[in-house]
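S.K.: Dumping the structure here so I can ask a few things about it.
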(Lines of atoms letter the chains of each structure in order from A and count residues from 1; the text may use other names and numbers.)
(Lines give C-alpha, C1' and ligand atoms only; values in the text may rest on other atoms or scores of the structure.)
Protein backbone atom coordinates (compact mmCIF):
# COMPACT_ATOMS: atom_id res chain seq x y z
CA UNK A 1 0.00 0.00 0.00
CA UNK A 2 1.46 3.35 -1.01
CA UNK A 3 0.78 6.75 0.50
CA UNK A 4 -2.05 7.29 -1.96
CA UNK A 5 -5.35 5.56 -1.17
CA UNK A 6 -7.64 4.91 -4.11
CA UNK A 7 -8.14 6.87 -7.32
CA UNK A 8 -11.30 8.82 -6.46
CA UNK A 9 -11.35 12.60 -6.62
CA UNK A 10 -11.12 14.54 -3.36
CA UNK A 11 -14.70 15.85 -3.50
CA UNK A 12 -16.01 12.36 -4.14
CA UNK A 13 -14.13 10.97 -1.14
CA UNK A 14 -15.41 13.81 1.04
CA UNK A 15 -18.97 13.16 -0.10
CA UNK A 16 -18.73 9.46 0.74
CA UNK A 17 -17.31 10.27 4.17
CA UNK A 18 -20.09 12.69 4.99
CA UNK A 19 -22.74 10.15 3.98
CA UNK A 20 -21.25 7.28 6.02
CA UNK A 21 -23.11 7.81 9.30
CA UNK A 22 -21.81 4.57 10.84
CA UNK A 23 -18.20 5.59 10.27
CA UNK A 24 -18.84 9.10 11.55
CA UNK A 25 -20.39 7.70 14.72
CA UNK A 26 -17.42 5.40 15.33
CA UNK A 27 -14.90 8.19 14.71
CA UNK A 28 -16.77 10.69 16.88
CA UNK A 29 -16.99 8.26 19.79
CA UNK A 30 -13.31 7.36 19.54
CA UNK A 31 -12.23 11.00 19.30
CA UNK A 32 -14.13 11.95 22.44
CA UNK A 33 -12.77 8.98 24.38
CA UNK A 34 -9.14 9.58 23.35
CA UNK A 35 -9.44 13.32 23.96
CA UNK A 36 -10.63 12.85 27.54
CA UNK A 37 -7.92 10.29 28.25
CA UNK A 38 -5.21 12.58 26.88
CA UNK A 39 -6.36 15.49 29.03
CA UNK A 40 -6.41 13.32 32.14
CA UNK A 41 -2.98 11.82 31.45
CA UNK A 42 -1.37 15.19 30.74
CA UNK A 43 -2.86 16.74 33.89
CA UNK A 44 -1.40 13.91 35.99
CA UNK A 45 2.06 14.74 34.70
CA UNK A 46 1.81 18.39 35.70
CA UNK A 47 3.50 21.33 33.93
CA UNK A 48 2.33 19.92 30.60
CA UNK A 49 3.43 23.01 28.66
CA UNK A 50 6.95 22.66 30.05
CA UNK A 51 7.06 19.05 28.88
CA UNK A 52 5.83 20.13 25.44
CA UNK A 53 8.56 22.75 25.27
CA UNK A 54 11.15 20.13 26.23
CA UNK A 55 9.81 17.75 23.58
CA UNK A 56 9.98 20.51 20.97
CA UNK A 57 13.53 21.37 22.01
CA UNK A 58 14.65 17.74 21.69
CA UNK A 59 13.11 17.31 18.26
CA UNK A 60 14.45 20.62 16.96
CA UNK A 61 17.95 19.83 18.23
CA UNK A 62 17.88 16.37 16.65
CA UNK A 63 16.78 17.71 13.27
CA UNK A 64 19.42 20.44 13.38
CA UNK A 65 22.12 17.78 13.84
CA UNK A 66 20.43 14.94 11.97
CA UNK A 67 23.43 14.07 9.80
CA UNK A 68 25.66 13.65 12.85
CA UNK A 69 23.13 11.49 14.70
CA UNK A 70 22.42 9.32 11.65
CA UNK A 71 26.14 8.65 11.29
CA UNK A 72 26.41 7.86 15.00
CA UNK A 73 23.42 5.51 14.80
CA UNK A 74 24.89 3.71 11.81
CA UNK A 75 28.22 3.25 13.57
CA UNK A 76 26.54 2.06 16.78
CA UNK A 77 24.38 -0.54 15.00
CA UNK A 78 27.33 -1.79 12.92
CA UNK A 79 29.54 -2.05 16.01
CA UNK A 80 26.94 -4.36 17.57
CA UNK A 81 26.88 -6.63 14.53
CA UNK A 82 23.83 -5.19 12.78
CA UNK A 83 23.40 -4.09 9.18
CA UNK A 84 22.36 -0.56 8.15
CA UNK A 85 20.94 0.46 4.78
CA UNK A 86 20.17 4.05 3.80
CA UNK A 87 17.33 4.16 1.26
CA UNK A 88 16.97 7.34 -0.77
CA UNK A 89 13.63 6.27 -2.24
CA UNK A 90 10.81 3.90 -1.33
CA UNK A 91 11.87 1.68 -4.25
CA UNK A 92 15.37 1.30 -2.81
CA UNK A 93 13.95 0.47 0.62
CA UNK A 94 11.57 -2.20 -0.70
CA UNK A 95 14.24 -3.69 -2.97
CA UNK A 96 16.65 -4.07 -0.04
CA UNK A 97 14.02 -5.82 2.07
CA UNK A 98 13.23 -8.11 -0.87
CA UNK A 99 16.95 -8.89 -1.16
CA UNK A 100 17.23 -9.82 2.53
CA UNK A 101 14.12 -12.02 2.33
CA UNK A 102 15.46 -13.86 -0.72
CA UNK A 103 18.91 -14.26 0.80
CA UNK A 104 17.44 -15.76 3.98
CA UNK A 105 14.93 -17.81 1.94
CA UNK A 106 12.14 -16.28 4.02
CA UNK A 107 8.66 -17.23 2.88
CA UNK A 108 6.57 -16.40 5.95
CA UNK A 109 6.91 -12.93 7.42
CA UNK A 110 5.21 -11.30 10.40
CA UNK A 111 5.22 -7.57 10.96
CA UNK A 112 4.08 -5.05 13.54
CA UNK A 113 2.26 -1.81 12.74
CA UNK A 114 4.39 0.62 10.78
CA UNK A 115 3.36 3.64 8.75
CA UNK A 116 6.67 3.86 6.92
CA UNK A 117 6.34 0.29 5.62
CA UNK A 118 2.94 1.32 4.23
CA UNK A 119 4.62 4.34 2.68
CA UNK A 120 7.26 2.26 0.85
CA UNK A 121 4.73 -0.41 -0.22
CA UNK A 122 6.72 -3.13 1.50
CA UNK A 123 3.94 -5.70 1.74
CA UNK A 124 3.31 -5.65 -2.00
CA UNK A 125 7.03 -5.88 -2.72
CA UNK A 126 7.39 -8.99 -0.56
CA UNK A 127 4.25 -10.58 -1.97
CA UNK A 128 5.68 -10.07 -5.47
CA UNK A 129 8.54 -12.46 -4.64
CA UNK A 130 6.22 -15.07 -3.13
CA UNK A 131 6.31 -14.14 0.56
CA UNK A 132 3.29 -14.31 2.86
CA UNK A 133 3.13 -11.17 5.00
CA UNK A 134 0.91 -11.21 8.10
CA UNK A 135 0.04 -8.10 10.11
CA UNK A 136 0.31 -8.78 13.83
CA UNK A 137 -1.23 -5.55 15.12
CA UNK A 138 -4.91 -6.29 15.76
CA UNK A 139 -6.18 -3.23 13.91
CA UNK A 140 -3.93 -3.84 10.92
CA UNK A 141 -4.86 -7.53 10.91
CA UNK A 142 -8.56 -6.63 10.77
CA UNK A 143 -7.93 -4.43 7.73
CA UNK A 144 -5.74 -7.05 6.06
CA UNK A 145 -8.46 -9.67 6.45
CA UNK A 146 -11.00 -7.15 5.14
CA UNK A 147 -9.54 -7.30 1.61
CA UNK A 148 -6.56 -5.11 2.52
CA UNK A 149 -8.65 -2.12 3.59
CA UNK A 150 -6.31 0.88 4.10
CA UNK A 151 -5.81 2.35 7.60
CA UNK A 152 -7.80 5.44 8.53
CA UNK A 153 -5.76 6.50 11.57
CA UNK A 154 -2.02 6.38 12.31
CA UNK A 155 -2.41 4.88 15.79
CA UNK A 156 -5.74 3.00 15.57
CA UNK A 157 -5.90 1.74 11.96
CA UNK A 158 -9.45 0.36 12.22
CA UNK A 159 -10.86 3.31 14.17
CA UNK A 160 -13.54 3.80 11.50
CA UNK A 161 -15.06 0.34 12.08
CA UNK A 162 -17.60 -0.73 14.69
CA UNK A 163 -17.29 -4.00 16.59
CA UNK A 164 -20.32 -5.28 14.68
CA UNK A 165 -18.57 -4.63 11.37
CA UNK A 166 -15.39 -6.32 12.60
CA UNK A 167 -17.32 -9.39 13.70
CA UNK A 168 -18.95 -9.58 10.27
CA UNK A 169 -15.54 -9.43 8.57
CA UNK A 170 -14.20 -12.24 10.77
CA UNK A 171 -17.33 -14.30 10.13
CA UNK A 172 -17.15 -13.92 6.35
CA UNK A 173 -13.39 -14.30 5.94
CA UNK A 174 -12.36 -16.57 8.82
CA UNK A 175 -15.50 -18.46 9.80
CA UNK A 176 -15.75 -16.74 13.18
CA UNK A 177 -18.89 -17.78 15.11
CA UNK A 178 -18.41 -16.22 18.55
CA UNK A 179 -19.81 -12.95 19.93
CA UNK A 180 -18.95 -9.41 18.93
CA UNK A 181 -17.31 -8.60 22.26
CA UNK A 182 -13.71 -7.33 21.97
CA UNK A 183 -12.55 -10.07 24.35
CA UNK A 184 -13.91 -12.91 22.21
CA UNK A 185 -12.67 -11.46 18.94
CA UNK A 186 -9.22 -10.71 20.37
CA UNK A 187 -8.92 -14.24 21.74
CA UNK A 188 -9.86 -15.64 18.33
CA UNK A 189 -7.22 -13.57 16.52
CA UNK A 190 -4.58 -14.30 19.15
CA UNK A 191 -4.83 -18.04 18.47
CA UNK A 192 -4.33 -17.46 14.74
CA UNK A 193 -1.40 -15.09 15.17
CA UNK A 194 0.43 -17.33 17.64
CA UNK A 195 0.77 -19.93 14.90
CA UNK A 196 1.95 -17.29 12.45
CA UNK A 197 4.63 -16.12 14.88
CA UNK A 198 5.97 -19.65 15.37
CA UNK A 199 6.07 -20.28 11.61
CA UNK A 200 7.71 -16.96 10.67
CA UNK A 201 11.10 -16.87 8.96
CA UNK A 202 11.47 -13.11 9.27
CA UNK A 203 10.02 -10.29 11.36
CA UNK A 204 9.57 -6.67 10.28
CA UNK A 205 8.87 -3.74 12.59
CA UNK A 206 8.72 -0.01 12.34
CA UNK A 207 10.63 2.18 14.76
CA UNK A 208 9.13 4.70 17.14
CA UNK A 209 12.55 6.10 17.96
CA UNK A 210 16.14 5.08 17.22
CA UNK A 211 18.77 5.87 19.88
CA UNK A 212 21.91 7.19 18.21
CA UNK A 213 24.52 6.46 20.87
CA UNK A 214 23.43 2.88 21.62
CA UNK A 215 22.28 1.65 18.21
CA UNK A 216 18.95 0.63 19.74
CA UNK A 217 15.40 1.03 18.47
CA UNK A 218 12.37 1.66 20.65
CA UNK A 219 9.05 -0.05 19.91
CA UNK A 220 5.85 1.08 21.64
CA UNK A 221 2.77 -1.17 21.51
CA UNK A 222 -0.32 -2.01 23.53
CA UNK A 223 -0.50 -5.63 22.44
CA UNK A 224 3.05 -6.97 22.77
CA UNK A 225 3.04 -8.12 19.16
CA UNK A 226 6.26 -6.25 18.35
CA UNK A 227 8.08 -8.22 21.05
CA UNK A 228 7.11 -11.48 19.37
CA UNK A 229 7.98 -10.13 15.92
CA UNK A 230 11.52 -9.33 17.11
CA UNK A 231 12.11 -12.31 19.41
CA UNK A 232 10.90 -15.39 17.50
CA UNK A 233 11.97 -15.05 13.82
CA UNK A 234 15.68 -15.50 13.10
CA UNK A 235 15.87 -12.27 11.09
CA UNK A 236 14.58 -8.87 12.20
CA UNK A 237 14.27 -5.89 9.87
CA UNK A 238 13.43 -2.51 11.40
CA UNK A 239 12.28 0.25 9.04
CA UNK A 240 12.39 3.89 10.11
CA UNK A 241 11.95 7.34 8.65
CA UNK A 242 15.28 9.13 8.81
CA UNK A 243 13.94 11.74 11.26
CA UNK A 244 12.81 9.27 13.96
CA UNK A 245 15.91 9.79 16.09
CA UNK A 246 16.91 10.67 19.63
CA UNK A 247 20.50 11.29 20.74
CA UNK A 248 20.45 9.25 23.97
CA UNK A 249 18.21 7.28 26.31
CA UNK A 250 17.61 10.45 28.31
CA UNK A 251 15.77 12.10 25.42
CA UNK A 252 13.98 8.83 24.68
CA UNK A 253 12.53 8.85 28.19
CA UNK A 254 10.95 12.27 27.62
CA UNK A 255 9.52 11.54 24.17
CA UNK A 256 8.08 8.13 25.09
CA UNK A 257 6.21 9.77 27.96
CA UNK A 258 4.81 12.42 25.64
CA UNK A 259 3.93 9.84 22.99
CA UNK A 260 1.99 7.50 25.28
CA UNK A 261 0.02 10.27 26.96
CA UNK A 262 -0.80 11.98 23.68
CA UNK A 263 -1.64 8.86 21.68
CA UNK A 264 -3.78 6.78 24.02
CA UNK A 265 -3.97 8.76 27.25
CA UNK A 266 -1.74 6.44 29.28
CA UNK A 267 1.37 7.10 31.35
CA UNK A 268 2.98 4.26 29.43
CA UNK A 269 1.63 1.77 26.94
CA UNK A 270 1.58 -1.89 27.89
CA UNK A 271 4.83 -2.75 26.13
CA UNK A 272 7.85 -0.52 25.56
CA UNK A 273 10.77 -2.46 24.11
CA UNK A 274 14.30 -1.30 23.36
CA UNK A 275 15.88 -3.77 20.95
CA UNK A 276 18.64 -4.07 18.38
CA UNK A 277 21.30 -6.52 17.26
CA UNK A 278 21.55 -9.59 19.49
CA UNK A 279 24.54 -9.53 21.83
CA UNK A 280 27.00 -12.43 21.96
CA UNK A 281 25.92 -13.46 25.46
CA UNK A 282 22.19 -12.86 24.93
CA UNK A 283 19.86 -15.84 24.66
CA UNK A 284 16.83 -14.14 23.10
CA UNK A 285 16.64 -12.17 19.90
CA UNK A 286 17.19 -12.58 16.17
CA UNK A 287 20.34 -14.01 14.65
CA UNK A 288 20.46 -11.15 12.14
CA UNK A 289 19.36 -7.51 12.46
CA UNK A 290 18.86 -5.00 9.64
CA UNK A 291 17.98 -1.32 10.03
CA UNK A 292 16.53 0.35 6.93
CA UNK A 293 16.63 4.15 7.18
CA UNK A 294 14.23 5.74 4.70
CA UNK A 295 14.54 9.21 3.18
CA UNK A 296 11.80 9.19 0.50
CA UNK A 297 11.59 12.97 0.32
CA UNK A 298 12.33 13.85 3.93
CA UNK A 299 15.72 15.41 3.18
CA UNK A 300 13.97 17.82 0.81
CA UNK A 301 11.94 19.14 3.75
CA UNK A 302 15.01 19.88 5.88
CA UNK A 303 16.00 23.53 5.83
CA UNK A 304 12.62 24.69 4.51
CA UNK A 305 9.71 26.44 6.17
CA UNK A 306 8.10 23.00 6.52
CA UNK A 307 10.93 21.44 8.57
CA UNK A 308 8.87 21.51 11.82
CA UNK A 309 6.62 18.75 10.43
CA UNK A 310 9.57 16.36 10.82
CA UNK A 311 9.31 16.86 14.59
CA UNK A 312 6.22 14.61 14.50
CA UNK A 313 6.29 11.58 16.82
CA UNK A 314 3.19 9.97 15.24
CA UNK A 315 0.95 10.23 18.31
CA UNK A 316 -2.18 11.29 16.35
CA UNK A 317 -3.19 13.84 19.00
CA UNK A 318 -3.86 16.32 16.19
CA UNK A 319 -6.13 13.83 14.43
CA UNK A 320 -8.06 13.15 17.61
CA UNK A 321 -9.12 16.79 17.97
CA UNK A 322 -9.65 17.68 14.31
CA UNK A 323 -13.25 18.65 13.44
CA UNK A 324 -12.71 17.92 9.74
CA UNK A 325 -11.45 14.39 10.44
CA UNK A 326 -14.40 13.91 12.78
CA UNK A 327 -16.89 14.51 9.95
CA UNK A 328 -15.19 12.88 6.95
CA UNK A 329 -12.94 10.16 8.43
CA UNK A 330 -9.41 9.16 7.50
CA UNK A 331 -10.00 7.65 4.07
CA UNK A 332 -11.28 10.97 2.73
CA UNK A 333 -7.74 12.33 2.81
CA UNK A 334 -6.64 9.80 0.17
CA UNK A 335 -3.37 9.21 2.03
CA UNK A 336 -2.08 6.81 4.65
CA UNK A 337 -1.33 9.96 6.66
CA UNK A 338 -4.74 11.54 7.44
CA UNK A 339 -5.78 14.46 9.60
CA UNK A 340 -3.83 17.69 10.12
CA UNK A 341 -0.43 15.97 10.10
CA UNK A 342 -1.35 14.23 6.85
CA UNK A 343 -2.61 17.47 5.30
CA UNK A 344 0.84 18.96 5.91
CA UNK A 345 3.03 15.89 5.27
CA UNK A 346 1.30 14.24 2.29
CA UNK A 347 1.86 17.12 -0.18
CA UNK A 348 5.53 17.23 0.85
CA UNK A 349 6.17 13.51 0.36
CA UNK A 350 3.62 12.78 -2.37
CA UNK A 351 3.47 16.08 -4.25
CA UNK A 352 0.79 18.65 -4.93
CA UNK A 353 -0.54 16.77 -7.96
CA UNK A 354 -2.18 14.22 -5.65
CA UNK A 355 -2.61 16.23 -2.46
CA UNK A 356 -3.14 19.91 -3.29
CA UNK A 357 -6.65 19.89 -1.76
CA UNK A 358 -5.59 18.66 1.68
CA UNK A 359 -4.24 21.96 3.09
CA UNK A 360 -7.65 23.48 2.37
CA UNK A 361 -9.45 20.71 4.31
CA UNK A 362 -9.10 22.66 7.54
CA UNK A 363 -11.01 25.27 9.48
CA UNK A 364 -7.68 26.66 10.78
CA UNK A 365 -9.06 26.41 14.31
CA UNK A 366 -5.54 25.50 15.53
CA UNK A 367 -6.81 22.73 17.83
CA UNK A 368 -4.18 20.50 16.22
CA UNK A 369 -1.37 22.89 17.12
CA UNK A 370 -2.60 23.12 20.71
CA UNK A 371 -2.74 19.32 21.01
CA UNK A 372 0.67 18.55 19.50
CA UNK A 373 3.06 17.35 22.24
CA UNK A 374 6.12 18.66 20.36
CA UNK A 375 4.50 21.98 19.40
CA UNK A 376 4.41 21.65 15.61
CA UNK A 377 2.63 24.79 14.30
CA UNK A 378 0.35 22.71 12.10
CA UNK A 379 -2.20 25.40 11.26
CA UNK A 380 0.60 27.76 10.22
CA UNK A 381 2.10 25.09 7.97
CA UNK A 382 -1.32 24.55 6.38
CA UNK A 383 -1.48 28.27 5.61
CA UNK A 384 2.04 28.09 4.18
CA UNK A 385 0.95 25.25 1.89
CA UNK A 386 -1.99 27.34 0.69
CA UNK A 387 0.37 30.20 -0.05
CA UNK A 388 2.71 27.94 -2.04
CA UNK A 389 -0.18 26.34 -3.94
CA UNK A 390 -1.62 29.70 -5.00
CA UNK A 391 1.46 31.89 -5.44
CA UNK A 392 4.21 29.50 -6.56
CA UNK A 393 2.34 26.56 -8.02
CA UNK A 394 -0.48 28.61 -9.55
CA UNK A 395 -2.89 25.79 -8.75
CA UNK A 396 -5.86 27.76 -7.41
CA UNK A 397 -9.10 27.30 -9.41
CA UNK A 398 -9.29 29.86 -12.22
CA UNK A 399 -12.71 31.08 -11.12
CA UNK A 400 -11.40 31.63 -7.60
CA UNK A 401 -8.31 33.46 -8.83
CA UNK A 402 -10.47 35.67 -11.06
CA UNK A 403 -12.86 36.42 -8.19
CA UNK A 404 -10.02 37.34 -5.81
CA UNK A 405 -8.42 39.53 -8.46
CA UNK A 406 -11.68 41.37 -9.01
CA UNK A 407 -12.19 41.73 -5.26
CA UNK A 408 -8.68 43.13 -4.92
CA UNK A 409 -9.37 45.70 -7.60
CA UNK A 410 -12.67 46.66 -6.02
CA UNK A 411 -11.38 46.80 -2.46
CA UNK A 412 -8.48 49.04 -3.49
CA UNK A 413 -10.74 51.52 -5.31
CA UNK A 414 -13.06 53.47 -2.95
CA UNK A 415 -15.71 54.12 -5.57
CA UNK A 416 -15.91 50.49 -6.70
CA UNK A 417 -15.91 49.32 -3.06
CA UNK A 418 -18.82 51.60 -2.20
CA UNK A 419 -20.77 50.36 -5.22
CA UNK A 420 -20.00 46.70 -4.46
CA UNK A 421 -21.10 46.88 -0.83
CA UNK A 422 -24.41 48.34 -1.95
CA UNK A 423 -25.00 46.05 -4.93
CA UNK A 424 -24.02 42.71 -3.37
CA UNK A 425 -26.69 42.71 -0.61
CA UNK A 426 -29.36 43.71 -3.12
CA UNK A 427 -28.48 40.84 -5.45
CA UNK A 428 -28.16 38.28 -2.66
CA UNK A 429 -31.43 39.29 -1.02
CA UNK A 430 -33.23 38.65 -4.32
CA UNK A 431 -32.31 34.96 -3.83
CA UNK A 432 -33.45 34.91 -0.20
CA UNK A 433 -36.65 33.64 1.35
CA UNK A 434 -37.46 34.23 5.03
CA UNK A 435 -33.95 35.55 5.58
CA UNK A 436 -32.21 32.45 4.16
CA UNK A 437 -30.62 31.70 0.79
CA UNK A 438 -31.30 28.05 -0.06
CA UNK A 439 -30.47 28.09 -3.78
CA UNK A 440 -27.40 30.16 -4.50
CA UNK A 441 -25.67 30.74 -7.81
CA UNK A 442 -22.00 30.99 -8.79
CA UNK A 443 -19.66 30.75 -5.78
CA UNK A 444 -22.65 30.46 -3.41
CA UNK A 445 -23.94 27.26 -5.01
CA UNK A 446 -21.50 24.82 -3.34
CA UNK A 447 -22.52 26.22 0.04
CA UNK A 448 -26.28 26.26 -0.52
CA UNK A 449 -26.29 22.76 -2.02
CA UNK A 450 -25.86 21.39 1.51
CA UNK A 451 -26.94 24.20 3.86
CA UNK A 452 -28.77 27.51 3.90
CA UNK A 453 -26.87 30.78 3.87
CA UNK A 454 -28.18 33.66 6.01
CA UNK A 455 -29.07 36.61 3.81
CA UNK A 456 -26.98 39.74 4.38
CA UNK A 457 -28.42 42.77 6.10
CA UNK A 458 -30.12 45.18 3.73
CA UNK A 459 -28.39 48.05 5.51
CA UNK A 460 -24.61 48.41 5.51
CA UNK A 461 -22.85 48.78 8.84
CA UNK A 462 -21.30 52.12 7.88
CA UNK A 463 -24.76 53.49 6.97
CA UNK A 464 -26.22 52.22 10.23
CA UNK A 465 -23.31 53.72 12.15
CA UNK A 466 -23.73 57.13 10.54
CA UNK A 467 -27.43 57.15 11.44
CA UNK A 468 -26.57 56.15 14.99
CA UNK A 469 -24.09 59.01 15.30
CA UNK A 470 -26.62 61.53 14.04
CA UNK A 471 -29.26 60.29 16.49
CA UNK A 472 -26.86 60.66 19.41
CA UNK A 473 -25.82 64.19 18.50
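In case you wondered, yes, glycine gets a Cβ from its N, Cα and C as well.
Annotations for this protein, taken from Swiss-Prot, read as follows:
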| type | residues | note |
| --- | --- | --- |
| DOMAIN | 303-333 | domain '4Fe-4S ferredoxin-type 1' |
| BINDING | 312, 315, 318, 372 | [4Fe-4S] cluster 1 binding site |
| BINDING | 322, 365, 368 | [4Fe-4S] cluster 2 binding site |
| DOMAIN | 352-381 | domain '4Fe-4S ferredoxin-type 2' |
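Structural setting of the listed features?
M.R.: Mean per-residue pLDDT, taken over the domain '4Fe-4S ferredoxin-type 1' (303-333), amounts to 97.
Within 10 Å of the Cβ of residue 318 ([4Fe-4S] cluster 1 binding site) there are 27 other Cβ atoms, across all protein chains. According to DSSP, residue 318 ([4Fe-4S] cluster 1 binding site) sits in a coil region rather than a helix or strand.
Around the Cβ of residue 365 ([4Fe-4S] cluster 2 binding site), 14 further Cβ atoms fall within 10 Å across all displayed protein chains.
Across the domain '4Fe-4S ferredoxin-type 2' (352-381), DSSP helix (H, G, I), strand (E, B) and coil residues number 16 helix, 0 strand, 14 coil.
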S.K.: Once near-sequence residues are set aside, which residues in the chain of residue 372 ([4Fe-4S] cluster 1 binding site), 6 or more away, have Cβ atoms under 8 Å from its Cβ?
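M.R.: When sequence neighbours closer than 6 are ignored, residue 372 ([4Fe-4S] cluster 1 binding site) has 52, 317, 318, 378 within Cβ distance under 8 Å.
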S.K.: How far is it from residue 312 ([4Fe-4S] cluster 1 binding site) to residue 368 ([4Fe-4S] cluster 2 binding site), counting Cα to Cα, in Å?
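M.R.: Checking the Cα atoms of residue 312 ([4Fe-4S] cluster 1 binding site) and residue 368 ([4Fe-4S] cluster 2 binding site) gives a distance of 12 Å.
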S.K.: Where residue 315 ([4Fe-4S] cluster 1 binding site) and residue 322 ([4Fe-4S] cluster 2 binding site) are concerned, what is their Cα separation in Å, rounded?
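M.R.: Residue 315 ([4Fe-4S] cluster 1 binding site) to residue 322 ([4Fe-4S] cluster 2 binding site), Cα-Cα distance: 14 Å.
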S.K.: Please report the three-state DSSP label of residue 312 ([4Fe-4S] cluster 1 binding site).
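M.R.: Assignment for residue 312 ([4Fe-4S] cluster 1 binding site) reads coil.
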S.K.: If one looks at the chain holding residue 322 ([4Fe-4S] cluster 2 binding site), which residues at least 6 apart in sequence have a CB under 8 angstroms from its CB?
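M.R.: Non-local contacts for residue 322 ([4Fe-4S] cluster 2 binding site): 339, 340, 362, 367, 368.
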